[in-house]
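Lifted from Swiss-Prot, the feature list:
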type: BINDING; residues: Cys62, Cys65, Cys85, Cys88; note: Zn(2+) 1 binding site
type: BINDING; residues: Cys76, Cys79, His96, His102; note: Zn(2+) 2 binding site
type: BINDING; residues: Cys136, Cys139, Cys159, Cys162; note: Zn(2+) 3 binding site
type: BINDING; residues: Cys150, Cys153, His168, His172; note: Zn(2+) 4 binding site
type: BINDING; residues: Cys212, Cys215, Cys236, Cys239; note: Zn(2+) 5 binding site
type: BINDING; residues: Cys227, Cys230, His244, His248; note: Zn(2+) 6 binding site
type: ZN_FING; residues: 57-112; note: zinc finger
type: ZN_FING; residues: 131-182; note: zinc finger
type: ZN_FING; residues: 207-258; note: zinc finger
Amino acid sequence: MLCNRTCPSSDCGILCNHSVPSFPPFHSSVANIHFTKENNLKSNIFEHNNNSPTLRSSSVACNTCLKIIRNDSFHCTKCFDFDVCRDCYAKQAFLHPCPKPHFVLVRSSIPSVASLTCSVNSMSVSPQSNFMYAICDHCEQPIHNVRYKCSVCDDYDICESCLTDNSHSNTHAFVRITKAYPHGLPSFHLFPQFLSAELFESASTVHRSVQCDNCLAHPIVGPRFHCLVCEDYDLCSSCVSHVHHDHHSMLRLTREISASPLHLSKPEKPKVLNFDFKLVEDSILPLELSPGCPFYKIWHIRNTSCQSWPSPLYVKFNGGDKLFPGDNPYSFPITSSVHPGEDVNFTVALKVPEKSNKEIFTAFFNICSDDGSVFHKSLCAFLRVPKSFSRISKSSF
């Protein structure tokens, strides 16, 4: 496309985007393309506005569609790691929490196939590389082929390279996943392996009562992989990469946790208490929040059942978005019995996410007794974040 401005030449191969309103004005061209003896493609990419070129590696994923960026993209200079591919930028189909975003065009270090009519073999990305639709929480790079997901936390994934040196809790076991899930993968919500890091360190790395079902090694020394689909099927670290069904998730256990074979099942549902209540009012403190700011969510409820509630009572997280660090938020306990018709305030300490592409956050909580029993109705915390992420008012809840 030629622009209405004065260009050096209409035959110089200049690509003009002045007439496209979705992109900032620029002229760019690809020059000095040559092949080495190793058939590696090299190019010098420059812009006519005399700015220094910015090259992009092929390992960056779009923060909107999560696809690997092959061509040019846009990077927010105000943020540490926020990139949008050209398609999502043109459609304006992305949510960015930065108060004052400033996007700059970033050139791909590998020219596109369409523009250079080169073969697919010249690309540096292996055709066998399988994107797992997840970003490593340790190295912040896209995860390929093998994904390790925390079995306890809602959203924590690492790649195979970061498995041994990640800083995540060693009491949490990881699940080995080899199947890509484009539409997301539900959390496993298993219990931690050990109650404390001290118990984990004191446990043995030899799984005395377990035998590898492939090489028949007994006992399994080092990481043990337990199939979450099959009944009583375990593999050692040497066999897990080339045997068994590719799409079966395997729980990775680094320490011995029992003297008998592991039989995983869903946790027993807690006892349900048929106490009824009515939500009178809910509020937050402070009234104005900013990213990363801690706050209190308060539910003012009334006992509408015919009997008194036992004490103590707590609020426990039951799903949705995690608006708190750790496994559960701090809840202020109700230390006295609540009689029919009486009002009580349940308060939980939460925190506004510091960086997120989401606009709406929803978290659910249960009222629990001291023995783990739960009320049959849940409490909900709803948070709507403005696109500017500069102010969050009380009306957002």
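A Cβ is built for glycine as well, from the same backbone N, Cα and C atoms used for every other residue.
Here Cys79 (Zn(2+) 2 binding site) is positioned 23 angstrom away from Cys159 (Zn(2+) 3 binding site), judged by their C-alpha atoms. Taking the Cα of His168 (Zn(2+) 4 binding site) as the reference point, the closest of the binding-site residues Cys62, Cys88, His96, Cys227, Cys239 is Cys227. Taking the Cβ of Cys85 (Zn(2+) 1 binding site) as centre and 10 Å as the limit, one finds 23 other Cβ atoms among all the protein chains shown. Cβ environment of Cys215 (Zn(2+) 5 binding site): Cys236, Ser238, Cys239 lie under 8 Å away, each six or more residues apart in the same chain.
Cys162 (Zn(2+) 3 binding site) falls within neither a helix nor a strand when secondary structure is assigned with DSSP, and so counts as coil.
Considering only the binding-site residues Cys62, Cys139, Cys150, Cys212, the residue whose Cα is spatially closest to the Cα of His102 (Zn(2+) 2 binding site) is Cys62. DSSP classifies Cys88 (Zn(2+) 1 binding site) as helix under the three-state reduction. Neighbours of Cys150 (Zn(2+) 4 binding site), defined as other CB atoms within 10 A of its CB across all chains, total 21. Neighbouring residues of the recorded Zn(2+) 4 site, listed in sequence order and excluding Cys150, Cys153, His168, His172, comprise Ser151, Val152, Tyr156, Ser169, Phe174 (Cβ within 8 Å of the Cβ centroid).
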